[in-house]
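Here TrEMBL flags G37, A39, V40, S269, N301, L418, S422 as Na(+) 1 binding site. The Na(+) 2 binding site annotation in TrEMBL covers N44. The transmembrane segment annotation in TrEMBL covers 29-48, 60-82, 103-131, 185-203, 215-239, 259-280, 292-318, 406-428, 448-473, 479-502, 523-543, 572-597.
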Amino acid sequence: MAAGKENDCVVGEANDVLKENRPKWDNKFQYVLSCVGLAVGLGNVWRFPKLCQTYGGGAFLIPYIIALIFEGIPILHIELAIGQRLRKGSFGVWNSISPYLGGVGIASLLISFLLCMYYNTILAWILWYLFHSVEEPLPWKNCPLNNNGTGFVEECEQSTPVDYFWYRNTLNISPEITTKGEGQLWWLVICLITAWLIVYACVIRGIETMGKAIYFIATFPYLVLVILLVQGLTLPGAIHGLTYLITPDLKVLTQPRVWLDAATQIFFSMSLGFGGLIAFSSYNSPKNDCEVDAVTVAVINSITSIFASVPIFCILGFRATTAYWDCLDSNILLISNEFEIQDGNVTRDNYFSWMNGLNVTHHDRILALTLKSCVLKDFLDQSTSGTGLAFIVFTEAIVRMPVPQVWAVLFFVMLFNLGLSSMLGNILGILTPLLDLKVFPKCVPKEIISAIICLICFSVALTFTTASGSYWLTIFDNYGSGLPLLIVAFFELIGVIYVYGFRKFCDDLEFMTGRRPNFYWQVTWRFISPLLLLSVFVAFVAIEVQSHLSYEAWDPNYVEFPKKEEKEYTGWVEFICAFLVILSSIFIPLTALYHLIRFKLRRHKQRTQNPFDNLAFQL
């Protein structure tokens, strides 16, 4: 009888949901494209290639694919399915399943909020480079003259033009995180305002405006990647970069860190736990094959990461090769002048033959020349990830290309679109729960709510436009979303499979897709994915506890400059790091505790009012 009533309630709730006047995607393609745009972001271009390069090239694909199959796809399917069935944002979904899980929705909301506060600053940096990409020559090609005009700026001479343009012209970076500097950098503030205006224009009315913009935003990066691939394959040294990328080193698979990084890369690159995917799917029709959607988005995301690595490493191979040639040419010039060898006799091809001969006959004179060590692999090892890849390594390679302005514009427009598509999804991950919760009166239009969200995020983001802003952005990136996302995803799995109910969830999937989950879904959801997430969480915590809280500072007065100086965080900065880690995830136990205390108090009040309301009296 109770079961019958429960089913009636479920059907009644479903009917209420169907009657709800909720916006919908114009078509299936628009929805899938939006999910792909949210999942495929900057990390696919500047973090995945670095992981492949670090962990044995093709060998890294083994743990990556395993993590994709047993962690990424199952969690993605759950998020798309539960959002589509309940047709609510992240908070509404988990609060509907159980009030005790309401903290999961609050955590997702706060994580998206923290991400939006700093992520658009990266887009501001990209815009700054994009505005300068049309100059001739590119401003990061040569060092600027000093104030007297008698030479180049010393900081630039000691480092490189690309380093100087990034650290001094763009960031005007301070030597340490606690340095206040001279307030906001006006050029970054202008770029930040521009970035937020673009975001606001795309999300001004939620999916109604975002759905129209996503056709260009999500597809243009693929066009640029194809163009960069064609250009990259024609560059000298491209084969060295590709060989370096795909050459497998199976020995690295014995390192636990490889498996941890593969699992976290899958997790973060697919934007799991942010609430954006749940928000997207909540605007779907209840009768939609979310299983196919989940597999499609996951496969496209992973293929994009692999595909993007090819042109990236073609260009990095070109950069390493030209740097290697410059090294040889510099040594050849020194040798020719020292031993009065006619120009053209010592070439790049016979350089090492000459060196072997001269080392035998004039060993002391060769040592006195202090020649550079020219090894191609050393230059290939210098590839990096994140902002270092985009704003230093890649810009240096672009300078060496024919018509560099064209490639600079294409590259930074691609990066901007990749970041913008992720930003739109995370803004919607904030907007949808606020609309569902009716935080604002109905008389307040979406345009105003979107503007308030963007304005709050912009106000906080001004912190990142100071001289020490890039240090703070790194802190937000490292501690604001890493560990909390793992916790959120774990409770998402537990909430759907063990609280909402596995059988009930299977019934919902049958209603939405016309078929029940197969053996793969059942095993991963109930056993493999939770255990894998728990293992990743424990390993992540163990590594973070053992690691030292420090940062790398750009300080021209450092004795080993241009090498970065490693500095320790002060006590109050460490407190902020810890605060960012617990800020969002702490709401999961606090919300559950709140509802438990509330239930106990209500129960106690009922018993006080009716002393005969107890089990013994009923018997």
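Glycine is no exception: its Cβ is also placed from the backbone N, Cα and C atoms.
Keep in mind that TrEMBL annotations are predicted by a computer and have not been checked by a curator.
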Quick one: which residues besides G37, A39, V40, S269, N301, L418, S422 have a Cβ within 8 Å of the Na(+) 1 site's Cβ centroid, in sequence order?
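Going along the sequence, the neighbours appear as V36, L38, G41, G43, N44, M270, S271, T304, S421.
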Check for me, if you would, whether the transmembrane segment (479-502) reaches the transmembrane segment (292-318) - at least 3 Cβ pairs under 8 Å, residues 6 or more apart in sequence.
no
Please give me the binding-site residues out of G37, S269, N301, S422 that lie within 10 Å of the residue listed as 'Na(+) 2 binding site', comparing Cα atoms only.
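Those close enough are S269, N301.
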So if I exclude everything within five residues of the ends of the transmembrane segment (448-473), which remaining residues of that chain have a CB under 8 angstroms from its CBs? That is, six or more out.
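For the transmembrane segment (448-473), the sequence-distant neighbours (Cβ-Cβ under 8 Å, at least 6 residues beyond its ends) are 113, 116-118, 120-122, 124, 171-174, 176-185, 188-189, 192-193, 196, 199-200, 203-206, 387, 427, 430-431, 434-435, 440, 551, 553.
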If I count Cβ-Cβ pairs under 8 A between the transmembrane segment (185-203) and each of 60-82, 103-131, 259-280, which range comes out on top?
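The stretch I would name here is 103-131.
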Are the transmembrane segment (523-543) and the transmembrane segment (29-48) close enough that 3 or more Cβ pairs fall under 8 Å, when only pairs 6 or more apart in sequence count?
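Between the transmembrane segment (523-543) and the transmembrane segment (29-48), which are separate recorded stretches, there is no contact, as judged by 3 or more close Cβ pairs.
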Check for me, if you would, whether the transmembrane segment (215-239) reaches the transmembrane segment (406-428) - at least 3 Cβ pairs under 8 Å, residues 6 or more apart in sequence.
yes
Find the member of 60-82, 259-280, 572-597 that has more C-beta pairs under 8 Å to the transmembrane segment (523-543) than any other listed stretch.
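Stretch with maximum Cβ contacts: 60-82.
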Within 10 Å of the Cβ of N301 (Na(+) 1 binding site), how many other Cβ atoms can be counted across all chains shown?
23
Apart from its near flanks, which chain residues at least 6 from the ends of the transmembrane segment (572-597) lie with a Cβ under 8 angstroms of it?
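Contacts with the transmembrane segment (572-597): 99-104, 106-108, 110-111, 114, 177-178, 475-476, 478-480, 482-484, 487-488, 491, 549.
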What residues elsewhere in the chain lie close to the transmembrane segment (103-131), defined as a C-beta under 8 angstroms and at least 6 residues from its ends?
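Non-local partners: 42, 89-95, 170, 187-188, 191-192, 194-196, 199, 273-276, 278, 387, 390-391, 395, 408-409, 412-413, 415-416, 419-420, 422-423, 426-427, 429-430, 433, 453, 457-458, 460-461, 464-465, 469, 472-473, 476-477, 480-481, 484-485, 487-488, 491-492, 495, 580, 583-585, 587-592.
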